Amino acid sequence: MVIVTNTSKITKGNGEKLIERFNKVGKVEFMEGFLGLEVLLTENTKDFDEVTVVTRWNTKDDFKNWTKSSAFRDAHSKREVPEYILENKISFYEVKVVRGPLTAAEAGNDSQAQAQ
């Protein structure tokens, strides 16, 4: 799994404007290899807002195919970069470990297995 983040520095008080743009179903949800999307607002920033859009993909090629698709062009072509976006940075992460919650019984079994 690959995670792609797009972190945007936003003029103070305008972070919600960018967040709202992602609060609807878009074309990315129909792309092969797309696993999910989260939009994060960084807390306690003093001089600016910071919004990070996190997308999860099966592979980096799946993400690249999205950026080369007509769906991507359609989703981005009619939009100029809003004045409130000061800068942004895209980062790629390869997921190496994924852990989920355990029930109490599972946690007990896991502890016993590790002790052996």
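Yeah, the Cβs are placed from backbone N, Cα and C, and that goes for glycine too.
In Swiss-Prot this protein carries:
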- 2-92: domain 'ABM' (DOMAIN)
- ASN6: Fe cation binding site (BINDING)
- TRP66: site 'Transition state stabilizer' (SITE)
- HIS76: heme binding site (BINDING)
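The helix, strand and coil residue counts that DSSP assigns across the domain 'ABM' (2-92) are 27 helix, 36 strand, 28 coil. Its own atom aside, the Cβ of HIS76 (heme binding site) has 10 Cβ atoms within 10 angstroms in the protein chains shown. If you take the Cα of ASN6 (Fe cation binding site) and the Cα of the residue listed as 'heme binding site', they are about 14 angstrom apart, rounded to a whole number.
Calculated from their C-alpha atoms, the gap between TRP66 (site 'Transition state stabilizer') and HIS76 (heme binding site) amounts to 12 Å. Along the domain 'ABM' (2-92), the predicted structure has mean pLDDT 93.
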